[in-house]
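*Asks:* Starting off with a structure, shown below.
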Amino acid sequence: MTAPRRAANVLAHAPFRRLWTAMSVCSLGDWLNILALTALAGNLNQGDYRMQSLAVGGVFIAKMLPAVLLGPLAGVFADRFDRRLTMFTADLARFAVVLSIPLIGTYQWVIVATVLVECVNLFWVPAKDATVPNLVPKDQLESANRLNLLVTYGSAPIAALLFAALSLVGDMGRSVLPFLSGMDPTAPALFVNSLAYLVSAFLIFTLRGIPKRDGAISAPSVLKQVVEGWRFVGGNRLVRGLIIGMLGAFAAGGAVVGVAKIYVVALGGGDAAYGVVFGAVFVGMALGMFVGLRLLQGLSRRRLFGLAITTAGVVLVAIALIHNLPIVVMLTVLLGACAGIAWIIGYTLIGLEVEDTLRGRTFSFLQSTARVTLLLVVAVANPLAALFGAHQFGLGTLAYQFDGSNLVLVIGGVLAVVVGILALRHMDDRKGVSLSADLIAAVRGERYPAEAAEHVPGLFVAFEGGEGSGKTTQSRLIAIWLRDQGYDVVQTREPGSTKIGMRLRAILLDAAERGLSARSEALLYAADRAEHVEKVIRPALYRGSLVITDRYVDSSLAYQGAGRALDPADVSRINAWATGGLVPHLTVLIDTPPEVGLTRLGGAADRIESEPLEFHQRVRKEFRALAAAHPDRYLVVDGTMAPEVLTRQIQDRIREILPDPVPRESEDITGTMPAIRD
Ligand code: TYD
């Protein structure tokens with residue numbers, strides 16, 4: 001079943017839908033709250049650069065301190081109360097406190113109110129977390145969590161834009177609406193923010209089906225999680241590289257968030273501009289996660305991880321030094337994109353490459369350290385900016401402004417560059433291959449490492465396709481046709497065309513070998529291929545023969561890379577090594593939907609044939625992607641068409657690349673091969 005379908009199913013549970021709506025509204029309110037309060041703190045301390053920096057920093061600290069100090073305590077309390085009542089009361093309290101902020105309008109109250117709201121959140125959040133499992137069936141819990149994550153971060157850019165719009169209302173509305181006249185431009189945003197909590201209160205109040213309480217929901221203290229977590233994950237080199245990288249990225253991000261407000265003010269932007277810059281980070285993150293990653297698919301993910309963080313650092317330094325608001329907004333999108341790429345790769349690598357026993361701890365360690373890092377950075381960033389103050393340097397007739405916020409951003413940028421390089425060094429899996437060559441190849445969509453193509457006298461054609469695609473039949477027919485024309489043809493196949501290869505094939509396809517790990521499977525196929533190339537294919541090609549192979553490297557990229565979800569760059573690399581970089585002149589892909597192909601198979605299913613349909617669909621998709629990346633080296637034919645039609649299409653294409661007839665001299669090896677089944 002696909003993820004979106006499952007996600008939609010979770011929302012089919014009316015009570016969960018209600019809770020989810022309440023959460024979405026609250027998330028929107030929470031982001032508005034951060035933006036409005038930091039902006040308000042800056043506005044209330046206008047004039048003095050140092051005071052302004054400290055004021056904004058104060059809000060961040062007030063926001064994070066309660067969770068760090070009182071988190072575990074509140075969890076214990078939350079266990080003892082009725083959850084629905086807890087959430088309802090908390091929402092009402094948040095509504096009242098936030099509403100009071102613009103009405104009172106002093107900085108002291110901003111700080112007190114922030115602490116109060118955060119203390120209330122400490123009850124609301126664990127009560128909510130504990131409620132979710134009560135409202136959705138166990139097997140849908142994961143999709144419920146994914147949906148929660150989606151609204152938690154997905155609401156940020158929406159809130160940022162809403163904040164920008166509401167700030168404009170606040171600015172202009174003051175002359176039209178008398179009750180706004182004495183208030184800060186952030187007042188409308190705070191009103192909407194408080195209203196969000198009121199709406200949530202109503203939704204929660206009408207929510208049935210939350211049991212009073214069951215089980216403990218308290219979490220261990222953050223500090224304890226950090227110390228214990230490091231003991232488990234610190235010993236693993238990959239995890240260490242990932243964590244250093246992700247925390248570095250977080251720290252750099254913290255520096256931006258911390259000083260964004262005062263920097264935007266220094267650039268002459270108002271609250272609306274602050275909202276836009278904030279939103280740009282998230283827009284960039286989304287772009288990085290969805291578009292950036294696809295663009296650079298061929299690059300080793302480990303390399304891309306370090307590279308993204310290093311680039312983020314350079315961009316951050318540029319942001320600090322270029323004092324132009326539109327350029328800063330654009331660079332911020334780029335910064336967000338780099339962060340998004342690094343974050344998603346980090347998470348995926350942990351998911352794929354960290355052993356089961358370590359994975360949970362790694363995630364929770366990361367979450368707790370990320371919070372502590374963010375707190376520390378934000379706490380240090382603003383006082384540091386304040387300490388440095390505002391400076392003007394004269395460059396001839398030009399004056400260049402360099403403030404504390406610029407300094408903090410430069411430091412954050414340099415930190416990210418250092419951390420990015422460290423991560424690159426720590427995790428590099430392509431030592432000896434230059435990064436720029438790799439990058440250029442990746443942008444061009446190449447999967448094979450860029451090596452000069454080997455010139456051989458013969459012609460090398462590979463047939464690829466899923467199970468039951470008919471490629472075995474077609475490759476045989478084509479071999480017969482070519483022989484009839486007087487060519488010397490070697491028809492062969494993978495796996496199992498050499499003595500060693502036959503033994504490897506027996507291991508690989510034996511339905512009983514269920515315990516084979518994905519990596520050893522990939523290595524065994526590559527080992528078979530290495531034998532095949534060295535003993536059969538290359539000698540034949542150097543004799544000037546025409547080699548037709550049933551399956552080659554692409555099968556590994558598709559079955560082991562996409563099917564088994566190994567890193568495609570890894571699979572490509574071991575195969576490039578195994579084959580010495582030998583690439584077919586033409587690959588014929590017989591593209592058949594697995595629903596059709598699988599029904600054509602007779603006899604008992606082997607280890608790979610008995611994989612689920614989704615596996616075969618991934619395989620097919622990958623084959624097609626490989627062909628699409630190099631249309632000049634591929635022929636894609638529709639496997640559902642009549643065999644004679646296919647044969648004709650393939651013949652037409654092969655005719656285009658045939659050399660002059662070569663004399664028939666060597667024996668073909670087909671006769672020695674075992675029966676072939678497609
Ligand atoms: P085979 O019986 O030759 O299947 P087919 O007739 O479909 O070619 O077995 C090859 C199986 O091995 C097939 O299921 C695909 C799988 N395979 C890989 O997973 N990776 C590879 O690199 C190769 C060559 C094959």
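Placement of Cβ uses the backbone N, Cα and C atoms for every residue, glycine included.
In case it helps, TrEMBL gives these features for our protein:
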type	residues	note
BINDING	G465, G466, E467, G468, S469, G470, K471, T472	ATP binding site
DOMAIN	463-650	domain 'Thymidylate kinase-like'
TRANSMEM	20-42	transmembrane segment
TRANSMEM	54-78	transmembrane segment
TRANSMEM	147-169	transmembrane segment
TRANSMEM	189-207	transmembrane segment
TRANSMEM	241-266	transmembrane segment
TRANSMEM	272-292	transmembrane segment
TRANSMEM	304-322	transmembrane segment
TRANSMEM	328-352	transmembrane segment
TRANSMEM	372-393	transmembrane segment
TRANSMEM	405-424	transmembrane segment
*Asks:* Near ligand 1, which of the binding-site residues G466, G468, S469, G470, K471, T472 have CB less than 6 Å from any of its atoms?
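*Replies:* By the Cβ criterion, which requires under 6 Å to ligand 1, the hits are T472.
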*Asks:* What parts of the chain pack near the transmembrane segment (304-322), using Cβ distances under 8 Å and only residues at least 6 beyond its ends?
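*Replies:* Here the qualifying positions are 242, 245, 248-249, 252, 255-256, 288, 296, 328, 331-332, 334-335, 338-339, 341-342, 345-346, 349, 405-407, 409-410, 412-428, 435, 439.
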*Asks:* How about the transmembrane segment (372-393) and the transmembrane segment (241-266): do they have 3 or more C-beta pairs under 8 A, pairs 6 or more apart in sequence?
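*Replies:* As far as Cβ distances go (cut-off 8 Å, pairs 6 or more apart), the transmembrane segment (372-393) and the transmembrane segment (241-266) touch.
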*Asks:* Pairs 6 or more apart in sequence, C-beta under 8 angstroms, 3 or more of them: is that satisfied by the transmembrane segment (189-207) and the transmembrane segment (241-266)?
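*Replies:* Answer no: the transmembrane segment (189-207) and the transmembrane segment (241-266) share fewer than 3 Cβ pairs below 8 Å.
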*Asks:* Which one, 20-42, 241-266, 272-292, has the most C-beta pairs under 8 Å toward the transmembrane segment (328-352)?
*Replies:* 272-292
*Asks:* So among the binding-site residues G465, G466, G468, G470, who's got the most Cβ atoms within 10 Å?
*Replies:* G465
*Asks:* Is it possible to get the count of other C-beta atoms within 10 angstroms of the C-beta of K471 (ATP binding site)?
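*Replies:* That number is 26.
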*Asks:* Just name the most isolated of the binding-site residues E467, S469, T472, going by other Cβ atoms within 10 Å of its Cβ.
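*Replies:* With the binding-site residues E467, S469, T472, fewest surrounding Cβ atoms within 10 Å: T472.
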*Asks:* Express the predicted model's confidence over the domain 'Thymidylate kinase-like' (463-650) as a mean pLDDT, rounded to an integer.
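*Replies:* So the average pLDDT across the domain 'Thymidylate kinase-like' (463-650) works out to 91.
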*Asks:* According to DSSP, does G470 (ATP binding site) sit in a helix, a strand, or coil?
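*Replies:* Coil, per DSSP.
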